[in-house]
2 protein chains.
Amino acid sequence: MRTRPLKVALLGCGVVGSEVARIMTTHADDLAARIGAPVELAGVAVRRPSKVREGIDPALVTTDATALVKRGDIDVVIEVIGGIEPARTLITTAFEHGASVVSANKALLAEDGATLYAAAERHGRDLYFEAAVAGAIPLIRPLRESLAGDKVNRVLGIVNGTTNFILDKMDTSGAGYTEALDEATALGYAEADPTADVEGFDAAAKAAILASIAFHTRVRLDDVHREGLTEVTAADIASAKRMGCTVKLLAICERAADGRSVTARVHPAMIPLSHPLASVREAYNAVFVESEAAGQLMFYGPGAGGAPTASAVLGDLVAVCRNKLAGATGPGESAYTQLPVSPMGEVVTRYHISLDVADKPGVLAQVATVFAEHGVSIDTVRQQGKDGEASLVVVTHRAPDAALSGTVEALRKLDTVRGVASIMRVEGE
Amino acid sequence: MRTRPLKVALLGCGVVGSEVARIMTTHADDLAARIGAPVELAGVAVRRPSKVREGIDPALVTTDATALVKRGDIDVVIEVIGGIEPARTLITTAFEHGASVVSANKALLAEDGATLYAAAERHGRDLYFEAAVAGAIPLIRPLRESLAGDKVNRVLGIVNGTTNFILDKMDTSGAGYTEALDEATALGYAEADPTADVEGFDAAAKAAILASIAFHTRVRLDDVHREGLTEVTAADIASAKRMGCTVKLLAICERAADGRSVTARVHPAMIPLSHPLASVREAYNAVFVESEAAGQLMFYGPGAGGAPTASAVLGDLVAVCRNKLAGATGPGESAYTQLPVSPMGEVVTRYHISLDVADKPGVLAQVATVFAEHGVSIDTVRQQGKDGEASLVVVTHRAPDAALSGTVEALRKLDTVRGVASIMRVEGE
């Protein structure tokens, strides 16, 4: 074994960073044996240097992250500060000055992964980011490497723990969205400002990363259709239950049937209780991958948290260090297919639509005509009436999203339709 | 991209090999783009050269596998013939003559992986074998690489599709073992000679491989305690159901609580219906991995079959080819912990014991005394009596297997115990 240590710079020392530093210290011998050389924490860039950080030598702590990545003796930079800047500049600067990078930064990878990949390749460095998607669950490596000889057609998953916790609470307790969010916040599953989670931005960033890797093309955050779960009601959940379904916030990346384009989207959807994703509880994550030869694979585990995310970061650290010792680099960007990303309107899906209608003869015929005019075929209709009011619950067959949403717009204009109580897509069948 | 192709020799052209060859042809452009160079099938060693193999140039077919691996121009040998010899000699010869190897050979890796690893290392070649365990499910790579910075404490899984199919049939239809085996054979899930599957040899080989990688030590097939499912009865399954459990053939690899030894075993066990492994149906495989930082991860998918296994082989082929182009090798053997493998007697587990006893006063006290004498604590007892006969169903707390089996031996000697109707371990709680 080489005795001269590989030097690691840590950018950020919050929940994940402090756990990375802790494991690097407590498991130093194991890491050295697995890498073939010891690894040494050579510097830790933080915003608040005065904060006491147990187990970290204060002499290593700096507020000057730029100087740290420019030192020139750093072999690997671990970036766990998140956000676009200064993370992007720090990472590209690290590449310029001789370091490879392990990052957990989903937002940056989804926004501008191409810049990072290009800088890594230009300087012959590694860019690894298992921790950016679904925490500890190995997903990036299986997609980039294990399935490199296969053709992935679909990735469907629960990739945000906060929203899964909220929906699980709503499902099990009948709570409304606000009540469930309050509980998630109280238990530390939701941040003080939950926007990134509940509006689907976090899941959309992960969908962009997964789609890019799965389909060997470039999919950016802006390419991902995004709907959060703030409008999911207790009535929607109850409605899903009546259908033998539950509601999950899903990230769905698909190759079009003709293979010439891809789509990526995040939205709440009903899935059958028999689907394995339906039983993913609390803040857990799970991702289905469907490929031509392997068939259906599922990966399940904790999608966030300091220790699980640190596990993913350290797995990447070992890989990057091994590559460094071998004088090689791991897989870089693979975007050779250059498939266009189609808009949401072209996605083929199914709708569950709940309408409040006048309770009089001919209403169903009128509604059915609107569906037919938009080329949308109806799978089932359930009609309930009382006291002059009635509700119609329609589940469609598969149709392009544009035709489905066009149908809903037309339904809203009917005199006999008093309101559209809920619209939700149905997936996983 | 490099235009000179990497040359691949295929040893074996059965269900898996023919699928590998097919995908190498139909997806040649994708493979080339992902590897950075084209790959060319340069030779196919078979036993029956006269058999027509669609899509394979007959000029490539040979019966002389040894000459093929000695050619010297072969970059990667794919070994899918299975068994110990001639596979072992062919693989080590391939290493000597310049090739890296992708293998699906669980028996050989479990029997003598050390020889293969040593030969690969001596000659600076790669040895990859994702397909050897759980077919298409990425498991070797996540354990060898994704979790390389973590400490795995337990691997628990269903790694044999045939036996899971049989147990699933017994569970859902109430069929006996023989009837369920017949159905598995008729549907092609069981081979004409099902010994390797039903006696647990196949699962034990996989357990040896998983334990070796998970614990960074050497675990061989002989180290794995093995019990098949031929003695599982419809009554056992019914008994499990009454406990809210189902019966699965599990491969379990554990690090001892003190961290100083490991165990590996394959046997039928009751697991609670609420455990995710309980819902793994038909011939699917699923493996739980518990590690210190990542927590509980689960990997699920098709554990066998031509196309899924080929997917795993081709993922490895891409990795090995990339390494070759980079002049590097991937991870080799990691056995630095040199942990001893403890015998089954030291494994801590729980027993579900069903006894036929005389229906008279004092029997329970007598039975309970035997448990106490062996230091085994009882969790629950269910007593049922009719017509002078009675049954006692005892579920123990956790205890060393030697104490549990010692208890059973002593129970057999009691006059009041007419027979031990069933013994099964309880796991997954």
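Note: Cβ is positioned from N, Cα and C throughout, glycine not excepted.
Listed in TrEMBL:
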ACT_SITE  B:Lys206  active site, proton donor
BINDING   B:Leu11, B:Gly12, B:Cys13, B:Gly14, B:Val15, B:Val16, B:Gly17, B:Ser18  NADP(+) binding site
BINDING   B:Glu191  L-homoserine binding site
DOMAIN    B:352-425  domain 'ACT'
Using other CB atoms within 10 angstroms as the count, which residue among the binding-site residues B:Gly12, B:Gly14, B:Gly17 scores least?
B:Gly14
DSSP puts the residues of the domain 'ACT' (B:352-425) at 23 helix, 35 strand, 16 coil
As a whole number of Å, the Cα atom of B:Gly17 (NADP(+) binding site) is distant from the Cα atom of B:Glu191 (L-homoserine binding site) by 18
Looking at the recorded positions B:Leu11, B:Gly12, B:Cys13, B:Gly14, B:Lys206, whose Cα is closest in space to that of B:Glu191 (L-homoserine binding site)?
B:Gly14
Which residues does B:Val15 (NADP(+) binding site) neighbour through Cβ under 8 Å, counting only same-chain ones at least six apart?
B:Gly305, B:Gly306, B:Thr309
In the chain carrying B:Ser18 (NADP(+) binding site), residues 6 or more apart in sequence that have Cβ under 8 angstroms from it:
B:Arg53, B:Glu54, B:Ile56, B:Gly306
Cα-Cα, the residue listed as 'active site, proton donor' versus B:Gly14 (NADP(+) binding site), nearest Å, comes out at 21
Determine, from DSSP, whether B:Lys206 (active site, proton donor) sits in helix, strand or coil.
helix
If one looks at the chain holding B:Leu11 (NADP(+) binding site), which residues at least 6 apart in sequence have a CB under 8 angstroms from its CB?
B:Gly17, B:Ala45, B:Ala65, B:Leu68, B:Val69, B:Val77, B:Ile78, B:Glu79, B:Val80, B:Ile81, B:Ala87, B:Leu90
Tertiary neighbours of B:Cys13 (NADP(+) binding site) (same chain, Cβ under 8 Å, six or more apart):
B:Ala21, B:Val44, B:Ala45, B:Val46, B:Arg53, B:Ile56, B:Val61
Tertiary neighbours of B:Val16 (NADP(+) binding site) (same chain, Cβ under 8 Å, six or more apart):
B:Val80, B:Ala104, B:Ala131, B:Gly306, B:Thr309, B:Ala310, B:Val313
